[in-house]
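Quick look at what TrEMBL annotates:
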type	residues	note
BINDING	62, 87, 88, 89, 140, 141, 155, 222	S-adenosyl-L-methionine binding site
DOMAIN	83-181	domain 'Methyltransferase'
Ligand SMILES: C[S@@+](CC[C@H](N)C(=O)[O-])C[C@H]1O[C@@H](n2cnc3c(N)ncnc32)[C@H](O)[C@@H]1O
Ligand SMILES: O=C(O)C(=O)C[C@]1(C(=O)O)C=C[C@@H](O)C=C1
């Protein structure tokens with residue numbers, strides 16, 4: 001029987017073939033037992049193994065943001081242009097674009113610093129999008145030799161760079177974009193109003209609890225991310241984009257303390 005309400009075209013219902021969500025062995029339980037010393041969060045084998053489940057349960061609006069990438073590309077990407085997916089992890093943004101655009105619409109390079117992520121992204125993208133021109137490269141987005149591109153996606157990646165490196169990266173991305181090109185920048189953000197920020201963070205923790213994380217998991221992950229994921233305010237992001245030369249930027253999505261911006265390079 002046809003489902004009464006089909007959401008397939010509304011959000012990217014990404015499926016990572018190797019990680020069925022119903023299989024408990026792929027569930028994120030990294031911070032579920034008390035740890036004597038909580039190590040700094042890193043994108044290692046342990047995180048790779050449960051990453052689709054972790055990010056889906058930890059980032060409000062993750063599926064909606066991925067689902068919009070193809071629609072943004074349809075409006076802003078020149079046919080056949082090159083696209084970057086920077087800090088690609090397992091390649092979810094690339095997978096979302098390939099699911100929504102035909103193979104001749106774009107060429108794409110997905111880049112990540114974590115060898116474990118790159119290995120799995122390569123396997124997944126080769127298996128899932130055999131007709132698309134997608135390359136996965138291991139590299140640091142601070143030192144990459146960028147090629148001219150029509151669209152660049154930074155989905156929850158800039159927040160992991162030391163703050164002092166962020167201006168230079170955004171300036172290099174502006175330089176790499178072709179006239180009329182777009183940067184999609186998704187980030188965890190801080191609200192500059194202390195009271196509003198506290199409300200967002202408290203409701204974010206409620207969101208995590210509702211998604212099955214315990215108080216222990218929430219607090220241990222928070223410790224692991226301290227000084228590793230350093231969020232900026234939306235104002236700081238827009239100011240940085242303007243300094244880098246983007247003629248216009250706007251926040252097109254926000255859900256609690258997570259947001260996505262789009263920045264336009266003048267045509
Ligand atoms: C939260 S994940 C990104 C999620 C992914 N974009 C998605 O949509 O599913 C952040 C990723 O950025 C990568 N990363 C962090 N610093 C990096 C750098 N300097 N260069 C390249 N990748 C980096 C990490 O290895 C990690 O895989
Ligand atoms: O769990 C959190 O507190 C998060 O901030 C979520 C977040 C992120 O925003 O990148 C943190 C680490 C993992 O990469 C997945 C998601």
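The backbone N, Cα and C atoms fix where each Cβ goes, and this holds for glycine too.
Shown on the structure are the features that TrEMBL records.
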| residue | record | DSSP class |
| --- | --- | --- |
| 62 | S-adenosyl-L-methionine binding site | helix |
| 87 | S-adenosyl-L-methionine binding site | coil |
| 140 | S-adenosyl-L-methionine binding site | coil |
| 155 | S-adenosyl-L-methionine binding site | strand |
| 222 | S-adenosyl-L-methionine binding site | helix |
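For residue 140 (S-adenosyl-L-methionine binding site), the count of additional Cβ atoms within 10 Å of its Cβ stands at 12 [all protein chains shown].
Once Cβ contacts within 10 Å are tallied over all protein chains shown, the binding-site residues 88, 141 are led by 88.
For the binding site of S-adenosyl-L-methionine, formed by 62, 87, 88, 89, 140, 141, 155, 222 according to the record, the largest Cα to Cα distance is 25 Å, rounded to a whole number.
Within its own chain, residue 155 (S-adenosyl-L-methionine binding site) has 65, 66, 85, 87, 92, 93, 184, 186 as residues 6 or more apart in sequence whose C-beta sits under 8 angstroms from its own.
All chains included, 22 other C-beta atoms sit within 10 angstroms of the C-beta of residue 62 (S-adenosyl-L-methionine binding site).
Mean model confidence of the domain 'Methyltransferase' (83-181) amounts to 97 (pLDDT, 0 to 100 scale).
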